[in-house]
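A short worksheet on the structure shown next.
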Amino acid sequence: MAESHLQSSLITASQFFEIWLHFDADGSGYLEGKELQNLIQELLQARKKAGLELSPEMKTFVDQYGQRDDGKIGIVELAHVLPTEENFLLLFRCQQLKSCEEFMKTWRKYDTDHSGFIETEELKNFLKDLLEKANKTVDDTKLAEYTDLMLKLFDSNNDGKLELTEMARLLPVQENFLLKFQGIKMCGKEFNKAFELYDQDGNGYIDENELDALLKDLCEKNKQELDINNISTYKKNIMALSDGGKLYRTDLALILSAGDN
């Protein structure tokens, strides 16, 4: 099925989902190693079989990743390579998803109750707003289809809602700083202890200076994952979740807490 979709001159949103599912064999949300090489090989075979030239985007993609063992792409990168239907592709090209800081601000707008999740109706409004900002409108049926596909693409634990880290897969891999923090998340007890330690004045939130101290210590302890030279970027992106410069426990937990275990 993936081969026939790769032969198409225009790939629908549903076909794109099937292609992604086919190649993301381990369900990690990214294509890397053998998965990525399989995609490149099947793409080349499918286009040749259909008598179609590689598009400029495909050529660039093959040149960039064809000979690399360490390549890694997300859904966003694949959406830019394949000839995906215009309105669906716009969801991956909007300005709000060009940088992690803008993404965090957008998340704050929709996660109004600080629950750490965006549910189906909120996601639908989020996608609708993105399309409207690109001067595109879709009917309710198509919007529902896009919402359903986004949940299928990003909802890795199948709970019908998206966590921040799941939603962040809308960002290009190079922009997704949250990936850096995946390996250093703390259990709930450790996180609460750390929050109370760095909330030095005990006012229930962490300000920019307190966050700076926390990040410096994290960088020192996790040199393989975090680069101390990037502290200002980490801080700017995390503070985009704050409420007027106040970073509450639930907000910081989205970045640093792995849950209650």
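Each residue, glycine too, has its Cβ placed from N, Cα and C.
Taken from Swiss-Prot, the feature Ca(2+) 1 binding site covers Asp24, Asp26, Ser28, Tyr30, Glu35. Around Glu35 (Ca(2+) 1 binding site), the same-chain residues at least 6 positions away in sequence with a Cβ under 8 Å from its Cβ are Phe23, Asp24, Ala25, Asp26. Under the three-state DSSP scheme, Glu35 (Ca(2+) 1 binding site) falls in the helix class.
Of all Cβ atoms in the shown protein chains, 18 besides its own fall within 10 Å of the Cβ of Lys161 (Ca(2+) 3 binding site). Per Swiss-Prot, Ca(2+) 3 binding site is recorded for Asp155, Asn157, Asp159, Lys161, Glu166.
What Swiss-Prot lists as Ca(2+) 4 binding site is Asp199, Asp201, Asn203, Tyr205, Glu210. A helical conformation is recorded for Glu210 (Ca(2+) 4 binding site) in the three-state DSSP classification. For Glu210 (Ca(2+) 4 binding site), the same-chain residues that are 6 or more apart in sequence and have a Cβ closer than 8 Å to its Cβ are Tyr198, Asp199, Gln200.
The annotation domain 'EF-hand 1' is assigned in Swiss-Prot to 11-46 on the grounds of sequence analysis. Helix, strand and coil residue tallies for the domain 'EF-hand 1' (11-46), in that order: 24 helix, 3 strand, 9 coil [DSSP].
Long-range Cβ contacts of the domain 'EF-hand 2' (53-88) within its own chain (Cβ-Cβ under 8 Å, at least 6 residues beyond either end) map to 6, 8-13, 16, 19-20, 29-33, 36, 39-40, 43-44, 47, 97, 131, 136, 138, 142, 146, 149, 153-154, 169-173, 176. Annotation comment: Swiss-Prot describes 53-88 as domain 'EF-hand 2', evidence class sequence analysis.
On the 0 to 100 pLDDT scale, the model's mean across the domain 'EF-hand 3' (98-133) is 84. Taken from Swiss-Prot, the feature domain 'EF-hand 3' covers 98-133.
Per Swiss-Prot, the feature domain 'EF-hand 4' maps to 142-177.
Positions annotated as domain 'EF-hand 5' by Swiss-Prot: 186-221.
Taken from Swiss-Prot, the feature N-acetylalanine covers Ala2. Ala2 (N-acetylalanine) has a Cβ environment of 18 other Cβ atoms inside 10 Å.
Marked as region 'Interaction with RANBP9' by Swiss-Prot: 2-7. Residues 15-16, 18-19, 22-23, 42-43, 45-47, 49-50, 52, 82 of the same chain, all 6+ positions outside the region 'Interaction with RANBP9' (2-7), place their C-beta atoms under 8 angstroms from a C-beta of that stretch.
Only sequence-distant pairs (6 or more apart) were considered; of these, at least three Cβ pairs between the domain 'EF-hand 1' (11-46) and the domain 'EF-hand 4' (142-177) are under 8 A, so the stretches are in contact. Reported as a whole number, the C-alpha separation between Asn203 (Ca(2+) 4 binding site) and Tyr30 (Ca(2+) 1 binding site) equals 39 Å. Ala2 (N-acetylalanine) falls within a helix when secondary structure is assigned with DSSP. For Asn157 (Ca(2+) 3 binding site), the count of additional Cβ atoms within 10 Å of its Cβ stands at 9 [all protein chains shown]. In this structure the C-alpha atoms belonging to Ala2 (N-acetylalanine) and Tyr30 (Ca(2+) 1 binding site) are separated by 17 Å. A C-beta separation below 8 Å, combined with a sequence spacing of at least six in one chain, links Tyr205 (Ca(2+) 4 binding site) to Asp199, Ser242, Lys246, Leu247, Tyr248, Arg249.
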